[in-house]
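Take a look at the structure set out below.
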Amino acid sequence: MNNTTKGVVIRHAIDWALAHGLNYRVPLTFSCSTQAIPEPIKYAATHAPFALTPAPFSKTCFQKARELQPIYNELFHSISKDKEFIDTAVKSLGNSDNFITNLYDIYQKVQKEGTAQNITLGIHRSDYMIHNKNNEQTLQQVEFNTIASSFSSLSYLTSELHRYLAKRQIYPESCNIDEKNIPFNDSFLSLANGIAKAHELYGVKNAIVLMIVQPMERNAFDQRWIEYNLFEKHGIKLIRKSLAEIEKEATLEGPDKKLMIDGQEISVAYFRAGYTPNDYPSDIEWQARLKIERSKAVKCPNIGYHLSGTKKIQQMLAIPGNLERFIKDQEKVNFIRSSFTGLYAFDQSEASKEALTRLTKNPDDFVMKPQREGGGNNIYGKDIPPFLAKLSDKEKEGYILMDLIRPEVQDSTIVRDGNAEDFKVISELGIYGIYLSNSEDKPVINEQGGYLLRTKSNKSNEGGVASGYGCLNSPYLQ
């Protein structure tokens, strides 16, 4: 589209985003003469970064990702309950990662004491890219997230933005965008519905939901939509607290260890923080995490689920025989395995030795990952060999090596903070998953819960929207 037409589309898109809550918090820049203003009011809002048009995406790969999700849900639920497998994974890391060591310490304490709540709720997101090789497209998993999977609300709003612009014919005819090729995204309600069902299983009508958040959360509106949907659709109240606030205000009451805050019983503790070492600046935050894990509240995720989402577990699942430990149906095993890319530990296995030989010859074919979430943590290509050279063998245990997925490069306009810029981009698809089991470990919910598409410059190695690397987008199925 020409610049004049593009300007019209951009103005429509920004106004729609601001009017419909497709927003981020930003700090106010003016100074205030009084200290009486509470902290949240010191924020303004801007639209979240988004792509102006949806991204062409393989319909076959999109459908496969959706079909994979319930199987992945079952798989990670089983892993979260397999102490031997988790023990093996964490111990193989040695003492290379203090963050994982501290999580594992909580896991061991709760295992020894006995869990106070057998209802489990997993809200996941499995992330994929489409690998292009010899004109063939294959769906390959980037990672599986078991804690604080974000953007379920804003991704829904992004797809609705694109559908609106297409339906209103604000896009020019030359774009040839038909809203019917932008799939409906049910991520807006799926997470709240899962939490509401867990609340129902908890069985205390007047209990409330606790969302654990970061103190200076920019992505608060994405989270608030879950809060509003819980109340408006299910009549359930939600409160937001940081880990430090929880340690100060929360108590465990009675022999069943009810989690109480301000006299209110907590039914579900839903983590949107706690996935990075930065969320634990002191022992106070670690004590809060332990308090939550020891409580009767349904944890989303519990500590077993959290540890199951480490990159080490992802790498171990690629070892022949490990998938079969959890999934007995060989067709499902083959279906899951078809989404794997090459994953390697820094150990003495033949697969790892072969990968390191390839790394020496072609470093650009690899990415190196620590046991971290949140974006900005990976090492790519030619940066890997010098980084490895600085690490001891013990420190290397905290990383995995992964074959680099090479998606198709496309053209896109990214709109951020009111400014639009054209880029060569690549995209990553995430599929949300909801898994809820009752106190007898019987599945109550096992479903895919909508999608997230993130787009970034092909020159950027990271793609986290909240980390400032990418933008929200929608798939245009072809």
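Just so you know, glycine gets a Cβ as well, placed from its N, Cα and C.
Fair warning: this is a prediction, and the values are worked out from it, not measured in the lab.
Taken verbatim from TrEMBL:
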type	residues	note
BINDING	Arg125, 147-150, 217-219, Gln223, 272-275, Arg454, 465-466	substrate binding site
BINDING	Glu143, Asn145, Glu373	Mg(2+) binding site
BINDING	Glu143, Lys311, 369-378, Tyr380, 402-405, Glu428, Lys456, Glu462	ATP binding site
DOMAIN	207-308	domain 'Glutathione synthase substrate-binding'
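Closest by Cα distance to Tyr380 (ATP binding site), from the binding-site residues Asn145, Ala148, Ser150, Gln223, is Asn145. Restricting the binding-site residues Glu143, Pro370, Leu404 to those with a CA within 10 Å of the CA of Tyr275 (substrate binding site) leaves an empty set.
It is Tyr275 that, of the binding-site residues Tyr275, Tyr380, has its Cβ surrounded by the most other Cβ atoms within 10 Å.
Secondary structure from DSSP puts Gln223 (substrate binding site) in a helix. Each residue contributes its Cα atom, and for Arg218 (substrate binding site) and Lys456 (ATP binding site) those atoms are 19 Å apart.
The local packing around Asn145 (Mg(2+) binding site), expressed as other Cβ atoms within 10 Å of its Cβ over all shown chains, amounts to 22. Using a 10 angstroms CA-CA radius around Arg125 (substrate binding site), none of the binding-site residues in Pro370, Leu404, Lys456 qualify. Remark: of the binding-site residues Arg218, Lys456, the most isolated position is Arg218 (fewest other Cβ atoms within 10 Å of its Cβ).
According to DSSP, Pro370 (ATP binding site) is assigned to a strand segment.
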